[in-house]
């Protein structure tokens with residue numbers, strides 16, 4: 001694969017649709033445009049034309065758009081051919097482009113070229129895929145903020161502050177024998193604290209964005225017939241799981257995605273845990289335990305009329321250590337006066353009293369889930385769509401900055417101090433792609449859809 005040849009791909013989803021788009025990018029597209037569209041469209045103006053195959057037979061009639069370099073998505077010449085969105089028509093139109101000299105684009109190659117041509121930085125490029133994959137409105141808003149450069153601008157601000165500070169520190173090293181004070185101790189302390197505060201704000205916004213992107217996985221566990229499926233249906237707002245009076249009805253894991261304040265919640269209704277000789281039910285319980293291992297939060301449902309039983313205690317004892325846990329006391333509609341719900345973020349535990357039948361206490365459960373994951377609505381409104389690699393880079397930058405702060409007052413440790421600043425800057429620069437290995441770029445863009 002080269003980065004200067006002509007590439008083409010169907011840019012719209014597979015299947016039938018009113019409109020389908022074939023996108024072409026590269027150099028000297030006039031020849032291809034003449035062969036396929038019969039004309040070279042006027043830049044940035046829609047041209048109605050007939051599309052033809054390699055034997056000059058008419059494939060379709062549609063719109064051709066031409067964007068000259070560098071005023072295009074990729075920074076190269078771009079030709080977009082809009083035809084009727086049937087699979088046969090789109091495949092014929094793509095084949096015509098390939099026979100005219102293009103090759104099939106790799107997944108994410110259009111956006112990769114936009115990155116390589118400085119139309120987008122790496123964080124913005126990733127936000128393109130995140131915007132396409134957004135499962136909630138808030139996640140989509142968060143992704144567009146990153147695409148517009150808000151995340152990148154915040155990173156650039158911290159990188160520039162580190163660059164300015166490094167310049168003064170490096171000057172002190174280069175002219176250590178001269179009686180010149182390039183930066184005072186007070187100024188150094190002020191700048192370090194300012195950068196630290198900047199990083200904390202960026203990390204907080206990025207973490208909120210990560211919740212919007214990844215969501216949270218929640219396993220509903222408990223003994224048979226305590227209301228797990230009823231609670232799933234109540235949270236989902238529809239009947240997605242069968243509810244009966246017969247214990248052991250749920251044999252497999254049922255997954256349902258809901259959103260609470262824009263945060264995707266992946267609910268996993270599991271088979272009830274109990275002693276049984278039923279082979280199929282045993283298989284369901286084995287899947288339940290596997291699901292628990294993958295979950296971020298476990299909702300342990302118990303019957304509020306009897307409280308936590310020895311069987312429930314056995315389930316609690318089998319949970320992985322450190323797992324966030326909410327004990328959901330269900331069927332409060334059968335109690336005269338249920339206790340108040342409590343949430344402890346310090347211990348990552350909560351006791352919530354609900355009625356899956358009437359909906360009482362469901363609001364408290366939803367808020368408890370948000371508190372448990374550390375969701376902050378005020379921060380979420382300005383969140384950046386962040387991936388795990390972004391959080392890892394920010395964490396590394398914070399670690400190196402803390403190490404630099406610890407060395408700031410050691411006159412004989414100036415070189416180590418300067419190195420920690422450099423490493424912090426390097427970690428931040430990897431987010432926007434100012435410093436990124438080729439294998440990282442390949443990993444990122446390979447996850448895009450073809451045609452983007």
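For all residues, glycine too, the Cβ spot is worked out from N, Cα and C.
For reference, Swiss-Prot has these:
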type	residues	note
BINDING	23, 80, 119, 452	(6S)-5-formyl-5,6,7,8-tetrahydrofolate binding site
DOMAIN	215-374	domain 'TrmE-type G'
BINDING	225, 244, 246, 249	K(+) binding site
BINDING	225-230, 244-250, 269-272	GTP binding site
BINDING	229, 250	Mg(2+) binding site
Quiz item: Which of these binding-site residues is closest to residue 225 (K(+) binding site) if you go by CA atoms: 23, 80, 119?
Solution: 23
Quiz item: Given the binding-site residues 225, 229, and counting only Cβ atoms in the protein chains shown, which has the most within 10 Å of its Cβ?
Solution: 229
Quiz prompt | residue 229 (Mg(2+) binding site) to residue 23 ((6S)-5-formyl-5,6,7,8-tetrahydrofolate binding site) - Cα separation in whole Å | solution = 46
Self-check item: Mapped DSSP class for residue 229 (Mg(2+) binding site), helix or strand or coil
Solution: helix
Quiz item: Looking only at 23, 119, 228, the binding-site residues on record, which one has the least crowded Cβ, with the fewest other Cβ atoms within 10 Å?
Solution: 119
Quiz item: residue 228 (GTP binding site) to residue 23 ((6S)-5-formyl-5,6,7,8-tetrahydrofolate binding site): how many Å between their Cα atoms?
Solution: 48
Quiz prompt | Structural state of residue 23 ((6S)-5-formyl-5,6,7,8-tetrahydrofolate binding site), classified by DSSP into three states | solution = strand
